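TrEMBL annotations:
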type	residues	note
BINDING	ASN11, TRP12, LYS13, GLY167, SER206, GLY227, GLY228	substrate binding site
ACT_SITE	HIS90	active site, electrophile
ACT_SITE	GLU161	active site, proton acceptor
Amino acid sequence: MAIRLPLVVANWKLNGDRQLLTEMVQSIKELDAEKVETVLCPPYVYLNENTDGVKKGAQSVAIQESGAFTGEISGRMLRDVGCQYVIVGHSERRAMFGESNDTVAKKVLATLAAGLIPILCVGETDEQREAGETIAVITEQVKSVLDVLPNYSDSIVIAYEPVWAIGTGKTATSEQAEEVHLAIRKILAGYSQELADLTRILYGGSVKPDNSEELFSKENIDGGLIGGASLDVEAFTNICKNAVA
């Protein structure tokens, strides 16, 4: 079985400032990068700040490379300021900005074309879970991207974020999360076993220091996409420590 380096990603959304970025960088710099990979995804305006070697990611990306698209940021521009990752298809982008599976797939392609690593977010709503549609929804979201990737890609990360657990204080049990993560790995295996073995699958949805250790102990949970807790230096650092291989 492939050894997958744990990955913990901070998604600040529309939060944070330069001071928080400085404090966060100082804290997570002390972590062993050979045992856990950390990525900070602050708002665009802070991406050009010096993070002293700590990896950076963006919260979205334009489909287009350039042109008359006011307010958009291309993958090339993100790479130019030192980004290595891009969050794509977050449930808030899907719900608030109308990003469809097709749009998400195009953004994944744009991310890869720029030499960046996409973090593909997938997840079901409370209604879909209650209707027993979780795996069907996840399968459609994953396959809509993988079906358009040239020769598939091991340069992709998947984040399972149950929509009902984001910003609500609710969280999937470690067993519920592991069940979906295993299902995602089986979907990947349908394309290639190597893809399934190498792809890191993160859990996102009210991850905190007190539940992260149990979540990360599961075989198919390779780290986390952290929202609210990533705005607290101590909390985020402790989550990263709980993910250490």
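Using the three backbone atoms N, Cα and C, a Cβ is placed for every residue, glycine included.
All TrEMBL annotations are machine predictions without curation.
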**Q.** Around the Cβ of TRP12 (substrate binding site), the count of other Cβ atoms that are within 10 Å
**A.** 21
Q | Fewest other C-beta atoms within 10 angstroms, as judged across ASN11, SER206, which are the binding-site residues | A | SER206
Q) Measuring Cα to Cα, how many angstrom lie between SER206 (substrate binding site) and HIS90 (active site, electrophile)? A) 14
Q. Within 10 Å of HIS90 (active site, electrophile), Cα to Cα, which of the recorded positions TRP12, GLU161, GLY167, GLY227, GLY228 are there?
A. GLU161
Q. Within 10 angstroms of the C-beta of LYS13 (substrate binding site), what count of other C-beta atoms is obtained when all protein chains are considered?
A. 17
Q) Quick one: Cα separation, GLY227 (substrate binding site) versus the residue listed as 'active site, proton acceptor', in Å? A) 11
Q: Consider each pair of residues in ASN11, TRP12, LYS13, GLY167, SER206, GLY227, GLY228, all listed by the record as binding substrate, and report the largest Cα separation in Å as a whole number.
A: 14
**Q.** Pairwise Cα distance for GLU161 (active site, proton acceptor)/GLY167 (substrate binding site) [Å, integer]
**A.** 11
Q | Cβ contacts of GLY167 (substrate binding site) (under 8 Å, same chain, 6 or more positions away) | A | SER206, GLY227, GLY228
Q | ASN11, TRP12, LYS13, GLY167, SER206, GLY227, GLY228 excluded, remaining Cβ within 8 Å of their centroid (substrate) | A | ASN15, ILE166, ILE226, ALA229, SER230, LEU231
Q: Enter the number of other CB atoms within 10 angstroms of the CB of GLY228 (substrate binding site).
A: 18
(Q) Fewest other C-beta atoms within 10 angstroms of its own C-beta: which of the recorded positions HIS90, GLU161, GLY227 fits that? (A) GLY227
Q) Is GLY228 (substrate binding site) helix, strand or coil when read with DSSP? A) helix
